[in-house]
Amino acid sequence: MIFFFIILLQCLSLTTAQQPYVGTSTTDCSVIDNSTSVFGYSCNGLNRTCLTYVIFRSTPPFSTVASISSLFSVNASLLSSLNNAATTFSTDQQVIIPLTCSCSGNYSQSNLTYTIRQGDSYFRVANDTLQGLSTCQALERQNNASSQSLFPGMRILVPIRCACPTAKQVSEDGVNYLASYTVVFGDTVDIISQRFGVETSKTLEANQMSFDDAGVFPFTTVLVPLQKPPSNLNSITPPPPPPAPVSPNGNKPKRTWVYVLVGILGGALVLSVIGAAMFCMLKKVSRKKQEPGILDSFTAKKTTISYQESDFDPLDGLSGMVVDTLKVYKFHELQSATSDFTSSSSVGGSGYIGKINGDGAMIKKMEGNASEEINLLSKLNHFNIIRLSGFCFHEGDWYLVYEHASNGTLSDWIYAKSSLLSLTQRLQIALDIATGLNYLHNFADPPYVHRDLTSGNIFLDSEFRGKIGNLGLARSTEIDGDYVLTKHVEGTRGYLAPEYLEHGLVSTKLDVYAFGVVVLEIVTGKEASELKKEIDGGNDLEEFLVSGSFLPEGLVSFVVRLVMDCLKRDHLNRPSMDEIVLSLSKILTASKSWESSY
């Protein structure tokens, strides 16, 4: 019995820390000891990719929905909705920003791109612009360039500090998110915890801290374990008053009753802990047998589906997380949004545009089983991937509701309206596509191959930023492996790599080849079918681009080298998407310098 209580006490005192607190190491860029996590938090979460939140304080020039969404590459309408803000934030307002956190090597991070301004250094970007959400050490390591080599207009990669909950945090504490909070003067772990409505002890555990050593410093991040997404951070609830002190009593017989009472309460506490542990274990088992209650409530509503003669359940292929994170629309809502799917709302084929609650939306009608695409899109959260906001199932058809890309598809602009896009806009779109593919290949969990990348599957928002869509043919590399053979070749002719057409070989290099074709379309304004003759004919690509592209002579050689690498017949010799992102960032920087000189 004594042994049992010793083990129980050890278990109660055991703390499986999530990550070490970075301390003041970020203020000295020469410190590279990773025991302080200056490069980033360790990749030790239950999942390699997760939805996370970071807290950013609005300050000029980043004090509007547009400027902050652009800085962090998040959807503006989503940011506005999450923070109940129309267009602007008040100065020093805490802004909740949703990001996708993924493992990159040994570290968890969310990757952004940032354009260097006059006077910027890694230290200034990390601590001034990003308020400690990155570190100068991580920036230098990510970009493999010194702070002295930075120049205005240069594009750099920025790793934002984030982490995914550990298995212990998920199973024992019900933690679903770890919010990255940037410390300001006057903050304490207790105040931070109160702001989020969590126990101080849990925040300390998450940051490998103790009550005796709980000092935090400005421009550093503290991970806050949350069961629900954060909200209402700009009003802090005062801490509850401390319990009234017990008056000393000199009566010895009454003190005996105190001991008895302590003994009873102590025993009750132990029994409560044991009972809670057994309850959690039983609850864990029951979770495996059924989906969360929200799924049950939706299942009860599905009586409107006209599949009474079949046992088909449209939710069978969907994970419980899907119904939790996506809106389940009613069919009459979509009818109202599209004026009953009239031709005036049609954008060709089975696509429609409309307005739901005042916000633009794209609606895609699909026959057959769309559960795989819904499951995939529900896991993705990236600025350069078209966002799925919800779905509807009605009389055998699926309706997928996406964010609205107000400027249509890339193919609408590079052919018929080719003269309206500037060179910088074209190269920015190319970089957006590369960044989205890099996310799919290296940071999505599990990683995916798109398999049908075309200019018609790239959507442009109001700022002409590119977003990858139509992931119906996407294939997981985690399930199938980095290379897999298939007999069923699908996709769009003109974009398909030779090894896929000839042998059915699927890998991420399939997307790299298609990306090369799309870049050619972007810089020439010609369709893939026309370009295929140039590619297959062995013509001089550089000569072709000089005479038939929008590129200035000084940039042609850089783009030619990139495109030729992407289109190499041997897939093993093609670059990876992270290499392409770095190359395009440099080309875009050069393009901006060239345009500014004219």
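Keep in mind that glycine also has a Cβ here, set from the backbone N, Cα and C atoms.
TrEMBL: automatically predicted annotations, no manual curation.
Bear in mind that the values here come from a model prediction, so they are computed numbers and not experimental data.
Lifted from TrEMBL, the feature list:
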- 237-246: compositional bias 'Pro residues' (COMPBIAS)
- 112-158: domain 'LysM' (DOMAIN)
- 179-224: domain 'LysM' (DOMAIN)
- 268-588: domain 'Protein kinase' (DOMAIN)
- 230-249: region 'Disordered' (REGION)
- 1-17: signal peptide (SIGNAL)
- 257-282: transmembrane segment (TRANSMEM)
Secondary structure tally of the domain 'LysM' (179-224) (DSSP, helix then strand then coil): 15 helix, 10 strand, 21 coil
Mean of the pLDDT scores, which run from 0 to 100, over the domain 'LysM' (112-158): 88
For the domain 'LysM' (112-158), the number of residues DSSP places in helix, strand and coil: 19 helix, 8 strand, 20 coil
